[in-house]
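Here the structure comes first, spelled out in structure tokens, and everything after it is commentary.
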């Protein structure tokens, strides 16, 4: 390419008009067009609109400097420019139309080196065939179906309605259809099927892909164009290990890092998440165990544990039975079974006597094994509920703590009316920030503890956890109750002392956990 104009993404409105088709083959344009569509740069979650990439560091890891993990927040427009730059770099070597190069790069998951290697291995026909495009260096051997004059109507092979020849268009494969059918076909593929880079020619058994210029020329709805643009850019982001979409709803920003790692990044919308897994930042638990925990909470594994802990199987027909009374004399309600057995030992009821319960098989090995299995299930359920309840409690408290900002703002305004400067009252906002950080950390410590085997280091961890939890509750009490009762100086002294202590204990806890990671001190329970 001779100039940057060949990579212009803006769509020329004049190209929307149907041009006269003289019957000659359509030639590929060098311009890669993804539409003159307004890209949404939303303001969500209290974020500020900014047209420039935002850079920053996490600054949240224990003992880490903010420069340790650098990242940049990009808008959708900037992602498009990254795509353009990638295509430009490749086309400086292979000299193909930009739309064709985009399809080639998509086929190789935007791996420029891999594309270059295949491109110069000497078998271009095979490469273009695998990528489902016509080699632009060769003229199509299939003549477009223009045997009739432009004045004569011809039937569309999709809707079978007659239109002038000028109302038809097609790809290099030679298949032509009317403009209306093309538009409907592309809209269905994009909106209903969510297809972007893999839309093929609508002709039967034709796998030639539709290029970006054709899509943008034949679609008139700006919403469909925007959706197509998002699908193309999403493919670019998903294939790039240094890019990650912000997981916040309706946020169109992308975070770019210098190297991929399980580190915290913060989008301009305010969402902080783990770059590795995309979940909310979850220090100190690792991504592997958080995924297992989320799956455990979402699936029916604990329902199965409850069934195992609170029901038993009939020893004869194996139907599940729940005890609904105090008597241990059980009668199976299965009409084809009617077995009578003892709830305690699962043995036949007849040897137990008819006058009073007398379980003479209580110590039998098979009965003991059955009871042990039930006890294990009950213990597993109780253990899960112990950690899950505390995890959910801190999650709920964290939601409530966010409401404190409004209350604190009001108190800060009151303090400023009592001869305190704006800077002097910032300790309240800082305290709420620390409180929310501690809640989040404590929430994920229970996930970490659930999979942690007991040893000397785990005891130290639990002591640190208990200390931080106690300090966090005290700080929360100061902010929720004492903030409206005590004198201004008393409030400031108590709150500052406590949030600094919370910061210190949180740092100690995280440093201990990460030290355990570094020295391989932790042993885990494989669930």
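Glycine is no exception: its Cβ is also placed from the backbone N, Cα and C atoms.
On a predicted model such as this, the values are computed, not experimentally measured, just so you know.
Annotated in Swiss-Prot:
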REGION    1-66  region 'Disordered'
COMPBIAS  1-39  compositional bias 'Acidic residues'
REGION    75-123  region 'UBA-like'
REGION    152-363  region 'TRIAD supradomain'
ZN_FING   156-206  zinc finger
BINDING   173, 175, 201, 206  Zn(2+) 2 binding site
ZN_FING   226-287  zinc finger
BINDING   246, 251, 267, 269  Zn(2+) 3 binding site
BINDING   274, 277, 282, 287  Zn(2+) 4 binding site
ZN_FING   314-345  zinc finger
BINDING   314, 317, 332, 337  Zn(2+) 5 binding site
ACT_SITE  327  active site
BINDING   342, 345, 352, 359  Zn(2+) 6 binding site
REGION    378-527  region 'Ariadne domain'
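Listed in chain order, the extra residues whose Cβ falls within 8 Å of the Cβ center of the Zn(2+) 4 site residues 274, 277, 282, 287 are 262, 273, 276, 278, 279, 281, 285, 286, 290, 291. A gap of 48 Å separates the Cα atoms of residue 342 (Zn(2+) 6 binding site) and residue 282 (Zn(2+) 4 binding site).
Broken down by DSSP into helix, strand and coil, the zinc finger (314-345) contains 0 helix, 9 strand, 23 coil. Here the C-alpha separation of residue 175 (Zn(2+) 2 binding site) and residue 251 (Zn(2+) 3 binding site) works out to 39 Å. Per-residue confidence over the region 'TRIAD supradomain' (152-363) averages 85 (mean pLDDT, predicted model). Look at residue 274 (Zn(2+) 4 binding site): DSSP puts it in a strand. Neighbouring residues of the recorded Zn(2+) 2 site, listed in sequence order and excluding 173, 175, 201, 206, comprise 170, 171, 174, 200, 202, 203, 208 (Cβ within 8 Å of the Cβ centroid).
Non-local neighbourhood of residue 206 (Zn(2+) 2 binding site): 173, 175, 200, each in the same chain, at least six residues away, with C-beta under 8 Å from its C-beta. Among the binding-site residues 246, 251, 277, 287, 345, the residue whose Cα lies closest in space to that of residue 314 (Zn(2+) 5 binding site) is 345. Residues 314, 317, 332, 337 make up the record's Zn(2+) 5 site, and a Cβ search at 8 Å around their centroid adds 315, 316, 318, 319, 321, 333, 334, 336, 338, 339 from the same chain.
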